[in-house]
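Visitor: Take a look at this one; I'll ask things after.
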């Protein structure tokens, strides 16, 4: 499989790309992520004691940065007001290449109006796989997504297969992730079907079923996707 290049408003990324999702120890391990095979770094602002750390990370790594301040209802740790959460993301956009905002976030449209970098609009379901995934993807694109991220939790191989079929059927910049025990293999396999990104960890998982960056790099190389 040949790498494809994704162009997000001038930001060029070779795909499938491995995103290192970094939490509380982001500043300490950011430089290590690249050496282990990451192509992009996600800074989970909701897991940081001080979200301003992202500016220090920006000065120490050359990889593109995704800023995420995950809302509690979608698996995140941010506990403040939505206004404050959006304000943190807006400030972080000055040091980021991509901003992640949830499709269902009350402050989504306000944020999108106030950032100039590409927007990754995300949707998470930690309990299953909704029947209307295609509609959710379409809603995200209509909302202004430059890239759509869908993270769902299949409970059977049939559901996992249905997720892969969506990657073949939908024509938009899309990342699909399988969470949980049944969905774990999709983190390595979905890129073969067109998922542009896959997320891994450096020191510890930030989502159910997440593999390490090193494991993903090895798996994708074995499968001919890198």
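Every residue, even glycine, has its Cβ placed from backbone N, Cα and C.
Features from Swiss-Prot:
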- 21, 42, 43, 44, 70, 187, 206, 210: 3-dehydroquinate binding site (BINDING)
- 124: active site, proton donor/acceptor (ACT_SITE)
- 149: active site, schiff-base intermediate with substrate (ACT_SITE)
Visitor: Residue 43 (3-dehydroquinate binding site) to residue 149 (active site, schiff-base intermediate with substrate): how many Å between their Cα atoms?
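Guide: Checking the Cα atoms of residue 43 (3-dehydroquinate binding site) and residue 149 (active site, schiff-base intermediate with substrate) gives a distance of 16 Å.
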Visitor: Taking only the residues the record lists as binding 3-dehydroquinate, namely 21, 42, 43, 44, 70, 187, 206, 210, what is the largest Cα to Cα distance between any two of them, in Å to the nearest whole number?
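Guide: Result: 20 Å between the two most distant Cα atoms.
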Visitor: Work out the three-state DSSP category of residue 187 (3-dehydroquinate binding site).
Guide: helix
Visitor: With an 8 Å cut-off on Cβ-Cβ distance and a minimum sequence separation of at least 6, pull the same-chain contacts of residue 124 (active site, proton donor/acceptor), or say none.
Guide: 74, 75, 102, 151, 152
Visitor: Pop the Cα-Cα gap between the residue listed as 'active site, schiff-base intermediate with substrate' and residue 44 (3-dehydroquinate binding site) into the table, whole Å please.
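Guide: Rounded to the nearest whole number, the Cα-Cα distance is 15 Å.
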Visitor: Among all protein chains shown, how many Cβ atoms are found within 10 Å of the Cβ of residue 21 (3-dehydroquinate binding site), not counting that one?
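Guide: Residue 21 (3-dehydroquinate binding site) is surrounded by 25 other Cβ atoms within 10 Å.
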Visitor: So what sits near residue 70 (3-dehydroquinate binding site) in its own chain, CB-to-CB under 8 Å and at least six residues off in sequence?
Guide: 44, 46, 76, 77, 78, 100, 102
Visitor: Within 10 Å of each Cβ, count the other Cβ atoms, then let me know which of the binding-site residues 206, 210 comes out lowest.
Guide: 210
Visitor: Using a Cβ cut-off under 8 Å and a sequence separation of 6 or more, which residues in the same chain sit near residue 187 (3-dehydroquinate binding site)?
Guide: 177, 178, 198, 199, 200, 209, 210, 211, 216
Visitor: Which whole-number value in Å describes the distance between the Cα atoms of the residue listed as 'active site, schiff-base intermediate with substrate' and residue 206 (3-dehydroquinate binding site)?
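Guide: With distance taken Cα to Cα, residue 206 (3-dehydroquinate binding site) is 16 Å from the residue listed as 'active site, schiff-base intermediate with substrate'.
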